[in-house]
Amino acid sequence: MVSDAFAHKPLKKLYLFDVDNTLTPARHPRSLTPELQQTLCALREKVAIGFLGGSDFTKITEQLQTGDEVVLDQFDYGFAENGLIAYKLGKQLPSQSFIEFIGEERYQLMVNFILHYIADLDIPIKRGTFVEFRRGMINVSPIGRNASLQERKDFEILDNKKGYRKAMIEALKTKFPDYGLTYSIGGQLSFDIFPIGWDKTFALSHVEDENFEEIHFFGDKTHKASFVGFSSVALSEIDHLCLLEGRE
């Protein structure tokens, strides 16, 4: 039986939506379309809904903000940094810390290695913010997160040919084999580093006790997860599922 918090919902389901390239284009502030906003509002009448992104909470809310409304008021759940920062019905849940997991000494060794590696990297452009520290992970970009939109597109094409990010990840795995970390390429210009198990499925740990009958994840890149009643669905299926849930 679903918890009291969601007992009023006609369907005992949770729909989670990726942010970049799903709810909005990557890193585009205020880019949630009115049509999708209406769809989410209609869905919320039937099921619990939430956003689930890898970026920090500030970046996600910048993208989802459309007016003066509080973004968290539009969702039942809000998950930033793969769920390491979590909100339920507008209230923050206990969080996890990358720096507490890895320790300051190991963190310094890794960051120093990354910066030396990038300094020696022969690529056409380098901008700024090569390492972005987040509460639950670090994000690494060989060209820097300050790159323009066009520079991001150009680097993605070049990286697909040259494999800069893949090579850098392999170097990190070789240098720090006992750190217990996962490396995940995402977006156009960077990759994330976080403890094993702290990917987007980590968010599910916050909802296990809610007893949802089904949990669906919508994203541009989806995969299976070992969680009862969980499925990942391409965003293109959202209209079909809205019809199934009774939206006219």
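Numbering starts at 1 and runs along the chain as it is shown here.
Even glycines carry a Cβ here, placed using N, Cα and C.
Predicted automatically and left uncurated, TrEMBL annotations should be read as such.
Worth saying up front: this structure is predicted, and the values here are computed from it rather than measured.
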Study note, to complete from the structure: Among Arg134, Arg135, TrEMBL assigns to the alpha-D-mannose 1-phosphate site of Arg27, Arg145, Arg152, Ser190, Asp192 just Arg134
Review point. Long-range same-chain neighbours of Ser190 (alpha-D-mannose 1-phosphate binding site), Cβ under 8 Å, sequence gap at least 6?
Key: Asn139, Val140, Ser141, Pro142, Arg145, Arg165
Study note, to complete from the structure: Among Arg27, Arg134, Arg145, Arg152, Ser190, Asp192, which the record lists as binding alpha-D-mannose 1-phosphate, the farthest-apart pair of C-alpha atoms sits at a distance in angstrom of 21
